[in-house]
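Here's the structure, in structure tokens; my notes come after.
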Amino acid sequence: MTPQAKLIFTTSLLLGTTITISSNHWIMAWAGLEINTLAILPMISKSHHPRSVEAATKYFLTQAAASALVLFSSMTNAWHTGQWDITQLTHPTSSLILTSAIAMKLGLVPFHFWFPEVLQGSPLTTGLLLSTVMKLPPITLLFMTSPSLNPTLLTCMAVLSTALGGWMGLNQTQIRKILAFSSISHLGWMAIIIAYNPKLTLLNFYLYTLMTTAVFLTLNTIKTPNLSTLMTTWTKIPSLNAMLFLTLLSLAGLPPLTGFLPKWLIIQELTKQDMIPAATAISLLSLLGLFFYLRLAYCATITLPPHTTNHMKRWHINKPTSTTIAILMVLSTTLLPISPMITTII
């Protein structure tokens, strides 16, 4: 892909995201989502590999269906209430259709089937965009319509997402698929709290974006597509692998790392709302995710020879680690002590 094309698509992504998150009218929000979809498609299929083309096709079909549902829900609401304002989505049928549409755009269970396949067919940098930037506009729409959403439906989808994200990630060997199921699991945590405390959903999303960006950029630096090659990368950049270990544990939500903060606050809020069974269920189901994060962390750092992989050892690289990765990794592991300041901000 030429630099000019890359610039155009990146600008379109930023433009689409900005239009959606700053709009009050449903048609503007829909237009922003469409710009986003059209901008990311060439980035997914840029390698011209059959798997990439398949991923782009699946992505396009799913997002087109979800966008049609967004339009349908807003038109139904306008028909009954005369309002095109995003925050005035008060009709219950429109709320249900919108929840389904946003779940399809995000990859929440039961609309999650496309996400691991698309992520597996995309390059790592595009996978990073799909897991973070492309999730921001739909989450913003959920945030703006949160007072009229159905809490029972969202709780069911959230618990199922956490269960399926953890369960289906257990047996994977491809790192991008593991990160896709990790994303589905984290989306469950965001969805369960959106109807009660939307700001916590945004906090969870920001911290998830921070940690996932660190992991994706690290994997892109050490060029690792699957677990068997991850086992041989500890010889390449040992310090980076050690920090990858901590970032993966942070993604799993272990204290005293950054990833524990949103889980802690969400469980606290659910307890205040008398949703102790839901809080217990989602906490126990996150242990499934902990298992595959530990597996990734083990493969990245603790595996020492002799082991059964047929890959050659990588040459040690003396090139300094990118400053961006270094800053992201430090933030991904050390933000828990300033949680009182974060909670006062939100």
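The backbone N, Cα and C atoms fix where each Cβ goes, glycine too.
In TrEMBL this protein carries:
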{"type": "DOMAIN", "residues": "23-288", "note": "domain 'NADH:quinone oxidoreductase/Mrp antiporter transmembrane'"}
{"type": "TRANSMEM", "residues": "56-75", "note": "transmembrane segment"}
{"type": "TRANSMEM", "residues": "95-115", "note": "transmembrane segment"}
{"type": "TRANSMEM", "residues": "152-171", "note": "transmembrane segment"}
{"type": "TRANSMEM", "residues": "178-196", "note": "transmembrane segment"}
{"type": "TRANSMEM", "residues": "202-222", "note": "transmembrane segment"}
{"type": "TRANSMEM", "residues": "242-261", "note": "transmembrane segment"}
{"type": "TRANSMEM", "residues": "281-304", "note": "transmembrane segment"}
{"type": "DOMAIN", "residues": "290-342", "note": "domain 'NADH dehydrogenase subunit 2 C-terminal'"}
{"type": "TRANSMEM", "residues": "325-345", "note": "transmembrane segment"}
Candidates 56-75, 242-261, 281-304, 325-345; stretch with most C-beta pairs under 8 Å toward the transmembrane segment (178-196): 281-304
Whether the transmembrane segment (152-171) meets the transmembrane segment (325-345): three or more C-beta pairs under 8 angstroms: no
Averaged pLDDT score, the domain 'NADH dehydrogenase subunit 2 C-terminal' (290-342): 79
Cβ pairs under 8 Å between the transmembrane segment (325-345) and the transmembrane segment (202-222), at least three: yes
For the transmembrane segment (242-261): best-contacting stretch of 56-75, 95-115, 202-222, by Cβ pairs under 8 Å: 202-222
